[in-house]
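Shown next, in structure tokens, is the structure this report addresses.
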Amino acid sequence: MKVATSALLVGAVSASVGPQQQVLKFPDSFSELKEGAWSKPLHKLEESLKTLTGEARAVWDEVAMMFPESFEKAAFFSEPKPHTRKHDSEWDHIIKGADIQNVWVENKNGDKEREIDGKLENYSMRTKKVDPSVLGVDKVKQYSGYLDDEEEDKHLFYWFFESRNDPKNDPVVLWLNGGPGCSSLTGLFMELGPASITKDGKIKHNPYSWNSNASVIFLDQPVNVGYSYSSGQVSNTVAAGKDIYALLTLFFKQFPEYAEQSFHISGESYAGHYIPVFASEILSHKKRNINLQSVLIGNGLTDGLTQYEYYRPMACGEGGWPAVLDESQCKAMDNAYPRCASLIENCYNSESVWSCVPASIYCNNAMIGPYQRTGQNVYDIRKPCGSNSLCYDELDWIQAYLNKKEVMKAVGAEISSYESCNFDINRNFLLQGDWMKPFHRIVPGLLAEIPVLIYAGDADYICNWLGNKAWTEALEWPGQKDYNKAEMEDFKIDGKGEAVGQVKSSGNFTFLKIHAGGHMVPYDQPEASLTMLNRWLAGDFWA
């Protein structure tokens, strides 16, 4: 769902984190994007500290002295979720990646080659046909189940809803919430899915669901998020990308009736990290059955160096809403940003855990902390934060609903309990240096092949529209000059009435600001968000 600020401001460093030189180099081509060093065993902190350069140790010690509470030692990995795996006979479909990899075809040169690229032999997918009448979430055809990686004991939960309109021809959309560590079932029941959950646990129909004109897959990832589970962990974005490619490959192989339609990846918040990597992973496979046509990122975190500069303006009345902080607090943030920027630049240059973790902890405390301490909602600058730690009571209602035995049985969930956000995962990603890595560097490669939409509700603080617009304009790509010349134009529902936002577009790149929308645009502006989706999928901005 969102960037979890409680983990942002705590960031408790554990007794074991990644070694200093676990470096993720960003690719000149999709095929160069590899998991690489991230698959290596984690070292103990005490051992890894011995490898630090003097400069890196000085930075680490400096930030640790500033925020000692953020460097308390704690268990790095959470305990695995209790679960009970269902017998294969309880599933309607099971497809194995090894069977797909054994399919060979003859190419135009007469040579034999695999029909589909990728390392799939360790994966399988189990599917259950969900009876729409049992839960009443929607009347459309639904499937749920797990992608299994048997070698690493990873099990990712998904829930598919067919389009309400014309499923044989309508696009297919994958939705990803952020966190990292927040369930995409939050997006299903709070934002863009077929129904929401009321305070008393009832189902409420959503007329603006994104499956109005598209089939939608909601995926709980990485492992140990939502209904997903594993005895191991995924603590960086690139590692998670391999699972997404496998899931989609197996899904479209099992259900070829959806494979010919256009496919799009969408998400919000930390999905600003996920989506560039996941899309590039898909595009790196030239022989694939995934018809990826575009990506959509809402209120995302993609380029920290550019985006963190805009926390002070947003908090101090320059983002279109009244100031939350007073003059002295704003001045303190002005003074803090140069150090923050320097730390992020070090992270960008080295992509090292020992540079990126201090950057995350310093910048989050200095640039987000002053705002959060006011009690104002970081996801909506117009409101105070509610009683829930993530500011929305609806999360408690959704969590209670998804913990009902009859709900878990209906969708085939195998874990003992559901939680909306797993803060251990949030911390793990931060402590692997993933938070501040320059994922925007992947975007030019995407733009060379597919359209990219960056949209933002204008009332969000945590991933605000100022920063999102700024990074799209700062991005170096062949179309940068023309994109920056493009004017912001009114965005209207059906082209009529008052503007619900402003949009600029050039080539394959589009930025859209939604008026009076917070971090979760479909929650605050459901009609505008559906209009945005439908027009985007129709190619209005990039055809």
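Quick reminder: no glycine exception, Cβ is built from N, Cα and C everywhere.
For 1-17, the entry in Swiss-Prot reads signal peptide.
Annotation source Swiss-Prot lists N-linked glycosylation site at Asn122 (among others). Look at Asn122 (N-linked glycosylation site): DSSP puts it in coil.
The disulfide bond annotation in Swiss-Prot covers Cys182-Cys421 (among others). Counting Cβ atoms from all protein chains shown, Cys182 (disulfide bond) has 31 others lying within 10 Å of its own Cβ.
Among the features that Swiss-Prot reports, N-linked glycosylation site is placed at Asn213 (among others), with the record citing sequence analysis. Taken residue by residue with DSSP, Asn213 (N-linked glycosylation site) is part of neither helix nor strand, so it is coil. Here the Cβ of Asn213 (N-linked glycosylation site) has 18 other Cβ atoms within 10 Å, regardless of which shown protein chain they belong to.
In the three-state DSSP scheme, Ser269 (active site) falls into the coil class. Residues annotated as active site in Swiss-Prot, with sequence analysis given as evidence: Ser269 (among others).
The feature disulfide bond is assigned by Swiss-Prot to Cys316-Cys330 (among others). The Cβ of Cys316 (disulfide bond) lies under 8 Å from the Cβ of Ala323, Val324, Leu325, Gln329, Cys330, Met333, each on the same chain and at least six residues away in sequence.
A C-beta separation below 8 Å, combined with a sequence spacing of at least six in one chain, links Cys363 (disulfide bond) to Gly304, Tyr308, Cys340, Leu343, Ile344, Met436. In three-state terms derived from DSSP, Cys363 (disulfide bond) belongs to a helical segment. Residues annotated as disulfide bond in Swiss-Prot, with similarity to another entry given as evidence: Cys340-Cys363 (among others).
Taking Cβ-Cβ distances under 8 Å and a sequence gap of 6 or more within the same chain, the neighbours of Cys356 (disulfide bond) are Cys347, Ser350, Gly433, Asp434, Trp435, Met436, Lys437. According to DSSP, Cys356 (disulfide bond) is assigned to a helical segment. According to Swiss-Prot, the feature disulfide bond maps to Cys347-Cys356 (among others).
DSSP assigns Cys391 (disulfide bond) to coil in the three-state reduction, placing it in neither a helix nor a strand. Non-local neighbourhood of Cys391 (disulfide bond): Asn377, Val378, Tyr379, Asp380, Lys383, Cys385, each in the same chain, at least six residues away, with C-beta under 8 Å from its C-beta. Taken from Swiss-Prot, the feature disulfide bond covers Cys385-Cys391 (among others).
If you look up Swiss-Prot, you'll see Asp460 (among others) marked as active site, on the strength of sequence analysis. The secondary structure of Asp460 (active site), as reduced to three states from DSSP, is coil rather than helix or strand. Listed in sequence order, Asn299, Tyr379, Asp380, Ile381, Gly517, Gly518, His519 are the same-chain residues six or more apart from Asp460 (active site) with CB atoms under 8 A from its CB.
For Asn508 (among others), the entry in Swiss-Prot reads N-linked glycosylation site. Cβ neighbour count for Asn508 (N-linked glycosylation site) (all protein chains, 10 Å cutoff from its Cβ): 19.
The feature active site is assigned by Swiss-Prot to His519 (among others), with sequence analysis given as support.
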Mind telling me which of the disulfide-bonded residues Cys340, Cys347, Cys385 has the densest Cβ neighbourhood, counting other Cβ atoms within 10 Å? Cys347
Ser269 (active site) versus recorded positions Asn122, Cys182, Asn213, Cys421, Asn508 - nearest by Cα: Cys182
Given the recorded positions Asn122, Ser269, which one's Cβ is surrounded by the fewest other Cβ atoms within 10 Å? Asn122
Going by Cα-Cα distance, pick out whichever of the recorded positions Asn122, Cys182, Asn213, Cys421 is nearest to Asn508 (N-linked glycosylation site). Asn213
Local Cβ density at Cys330 (disulfide bond) - other Cβ atoms counted within 10 Å: 19
Helix, strand or coil: which one is Cys347 (disulfide bond) in, per DSSP? helix
